[in-house]
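K.L.:
This is the feature table in TrEMBL:
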type     : residues : note
TRANSMEM : 12-34    : transmembrane segment
TRANSMEM : 40-61    : transmembrane segment
TRANSMEM : 81-101   : transmembrane segment
TRANSMEM : 113-135  : transmembrane segment
TRANSMEM : 147-164  : transmembrane segment
TRANSMEM : 184-204  : transmembrane segment
TRANSMEM : 216-239  : transmembrane segment
TRANSMEM : 271-296  : transmembrane segment
TRANSMEM : 308-325  : transmembrane segment
TRANSMEM : 337-356  : transmembrane segment
Amino acid sequence: MKAEAQISSWQATAYIVILILPTAILFVPATTAASAGPDAWLSLLAALVFGLLVAGIASALASRFPQETPVEYAPRLLGRYLGKLVGLIFACYFYYVAYFVQRQFTELMSTTYLFNTPVLVNIGLLTLIACYALYLGMEPLARTNTVITCFFLISIVVIFLLILKHIRLENFTPLLATPPGKILFGALSPGSWFGECAVILMLAPFLADKKKIARITFGAVLIVFFSMVLVTIGAVGLFGPETTSRLVFPTFSLARYTMIETFMSLDRVDVLFMAVWVAGMAFKLTTFFYAGTLAFAQLFGLKSYRPLIIPGGILLTVLSLNSWTNIAELMEFSAQVFPPSVSFVNFFLTFLLYLISFKEPSPGGQ
């Protein structure tokens with residue numbers, strides 16, 4: 001199946017940023033503060049090292065096979081059956097992240113704004129948007145996502161600047177007193193989010209300039225890193241590490257505090273940030289839904305991924321509804337299960353394919 005559209009380097013960078021950031025900022029401040037306390041920012045620095053490692057491996061592999069996805073070249077590298085199995089793992093991984101995103105979205109909406117709205121309605125509306133977007137294809141998605149990503153990043157910077165004068169430096173003391181083990185443990189969760197940059201393996205065939213694969217991936221990881229640092233420093237500096245670690249969604253508490261302090265004459269201005277976040281979540285779901293649907297289509301030898309959109313959307317909705325019973329389970333899953341499970345694909349399988357790829361000349365690669 002050939003790529004049906006071409007996207008620019010900046011559009012690809014924005015794609016990777018938006019598929020990491022909206023969900024990462026939900027939990028990263030709390031998980032890093034719970035483990036590393038006032039040194040939560042050091043956990044992000046350690047996570048960045050892992051993210052750059054994954055970015056380097058994924059970029060190198062994508063550059064060797066710039067016209068194909070892992071589902072297409074894995075059978076050549078590993079043999080028909082083992083290669084198909086690896087392709088299936090990649091396809092299931094993309095769906096796995098997609099229905100996790102669905103549930104994160106609905107839990108936040110249910111606990112902060114739409115208290116009486118059934119979970120099925122929240123998930124269903126987001127899924128319908130994603131299904132419609134998939135029918136449009138990659139190119140219009142990339143153009144729209146670029147605008148959303150810019151607004152998302154600007155909103156984070158604006159929130160940080162508005163609360164800067166309220167940050168208390170004593171919340172970061174004692175400085176560098178956290179044991180290295182706790183700092184590394186706090187890096188597990190953000191490290192898994194950074195590892196999602198491996199989706200460049202599925203985006204590479206759509207790039208207009210395939211010589212910039214590494215620049216795109218590394219640039220996206222660095223943008224996400226600096227955004228996470230701003231949010232984490234803002235939350236810890238404003239609320240303190242202990243309070244931040246107990247907040248369910250510290251980033252939204254930060255946004256709400258900012259809006260109350262800055263726009264006291266207006267009611268619920270924090271919904272402006274919520275609107276940008278909802279758009280970002282919709283694009284994240286769409287990206288992983290697209291990658292998974294495309295992977296399954298290639299795995300089954302279909303000429304188009306579109307016949308799988310409706311069945312895939314139904315499957316994701318069912319999985320999202322039945323995988324967790326409440327937000328406590330979701331948060332525990334996010335901290336303990338999600339990081340190692342996604343890192344298995346993003347790092348281990350990607351690195352394995354990269355090592356084995358040297359036995360075969362890269363077709364049109366670098």
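Any Cβ shown, glycine's included, is placed from N, Cα and C.
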K.L.:
List, by number or range, the same-chain residues at least 6 past the transmembrane segment (113-135) whose CB is under 8 A from its CB atoms?
P.N.:
102-103, 105-106, 141, 271, 274, 281-283, 285-286, 289-290, 293, 305-306, 309-310, 313, 316-317, 320-321
K.L.:
Against which stretches of its own chain does the transmembrane segment (81-101) lie, if we need a Cβ under 8 Å and a gap of at least six residues from its ends?
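P.N.:
That would be 23, 70-72, 74-75, 196, 199, 201-202, 281, 284-285, 288-289, 291-292, 295-296, 298-299, 312, 315-317, 319-320, 323, 338, 341-342, 345, 349, 353.
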K.L.:
What stretch of 147-164, 216-239, 308-325 shows the most Cβ pairs under 8 Å to the transmembrane segment (12-34)?
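P.N.:
Comparing 147-164, 216-239, 308-325: 216-239 has the most Cβ pairs near the transmembrane segment (12-34).
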K.L.:
With a Cβ cut-off under 8 Å, give me the same-chain residues at least six positions beyond the ends of the transmembrane segment (308-325) that come close to it.
P.N.:
95, 98-100, 102-103, 106, 119-120, 123-124, 127-128, 130-131, 134-135, 289, 292-293, 296-297, 302, 333
K.L.:
Mind checking which residues reach the transmembrane segment (184-204)? Cβ under 8 Å, same chain, six or more beyond either end.
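P.N.:
Distant Cβ neighbours of the transmembrane segment (184-204) are 7, 12, 15-16, 19-20, 23-24, 27-28, 31-36, 40, 43-44, 46-48, 50-52, 54-55, 57-59, 61-63, 65-67, 69-70, 90, 94, 97, 210, 213, 216-217, 220-221, 224-225, 228, 287-288, 291, 294-295, 334-335, 338-340, 342-343, 345-347, 350.
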K.L.:
With the transmembrane segment (271-296) as the reference, which stretch in 40-61, 147-164, 216-239 has the largest tally of C-beta pairs below 8 Å?
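P.N.:
Per the Cβ under 8 Å count, 147-164.
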K.L.:
For the transmembrane segment (216-239), find every same-chain residue at least 6 residues outside the stretch whose CB is under 8 Å from a CB in it, and list them.
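P.N.:
Residues packing against the transmembrane segment (216-239) from afar: 9, 12-13, 16-17, 20-21, 24-25, 28-30, 32-33, 38, 40-41, 44, 47-48, 51-52, 55-56, 58-59, 153, 156-157, 159-160, 163, 166-169, 171-172, 190, 193-194, 197, 200, 207, 247, 250-251, 253-254, 257.
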K.L.:
Do any residues, 6 or more residues outside the transmembrane segment (40-61), come within under 8 Å Cβ-to-Cβ of it, and if so which ones?
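P.N.:
Distant Cβ neighbours of the transmembrane segment (40-61) are 28-29, 32-33, 70, 176, 178, 183-191, 193-195, 197-198, 200-201, 213-214, 216-218, 220-222, 224-225, 228-229, 232-233, 236, 241, 244, 346-347, 350-351, 353-354, 357.
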